[in-house]
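Enquirer: Here it is: the structure, laid out below.
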DNA sequence: AGCACA
């Protein structure tokens, strides 16, 4: 069992204002044209490889819930496929929206890299062509696999060429500067940290108040208030495990009997 | 880095 909260409990990522283009600060929406390699399925890379795959799948399912993710999320833990996943959506437009809005989202400490999958997912094929269509799709996949075995020299040459071209092309997608993800960071996706971040403290909370509350849990090191912002604070424990115990016990705790204090891991 | 569907 993971010490992290079950992914099913996790709040959905709040999408930044995305109506009428208010969520976009980089150009007019009307001019936007979806890339022609768009797909119903996104290919995710740079995922934290230390997260267990079924937990990761659940998390992704949850993270993309507001985009009507079509299950199943596909991920594998083997050498070739770890750190990657496939997430499908009802159509290309929604997939593209998710791609643009979630790009760079720091899931468990690593900014997600999103692109369109280059082949259709089985779920999508089934939706579009039914069960029979899916069968032939799978058959074709099998055959294609044989033609493109890893050590096919022709294939390797071609790949090297494409890679060089992509690197040389400053307008290529790979050259686009990473930008800030457009969705809010739910703290459930932060990595465990011995340092906790408190929010929504009631007016007049003192260092002593916090010390008393957090000292109920072992290995407390220090409490730091933020003079300029009196509703937030940091609480440091000796190690992540101790911090986790306190965080889970005290998140939403009402110090004054009515104001729910938010406790999350501090960002690293 | 790595494009799957057990």
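Using N, Cα and C of the backbone, Cβ positions are placed for all residues, glycine too.
Copying in the features that TrEMBL gives for the protein in this structure:
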| type | residues | note |
| --- | --- | --- |
| REGION | A:1-34 | region 'Disordered' |
| DOMAIN | A:40-119 | domain 'RRM' |
| REGION | A:128-151 | region 'Disordered' |
| DOMAIN | A:194-268 | domain 'RRM' |
Enquirer: Average the per-residue pLDDT over the domain 'RRM' (A:40-119) and send me the rounded value.
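Expert: Averaged over the domain 'RRM' (A:40-119), per-residue pLDDT gives 96.
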Enquirer: For the domain 'RRM' (A:194-268), how many residues does DSSP put in helix, in strand and in coil?
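Expert: Residue counts for the domain 'RRM' (A:194-268) by secondary structure: 19 helix, 22 strand, 34 coil.
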Enquirer: As a quick check of your reading of DSSP, tell me how many residues in the domain 'RRM' (A:40-119) are helical, how many are strand and how many are coil.
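Expert: The domain 'RRM' (A:40-119) comes out at 25 helix, 22 strand, 33 coil.
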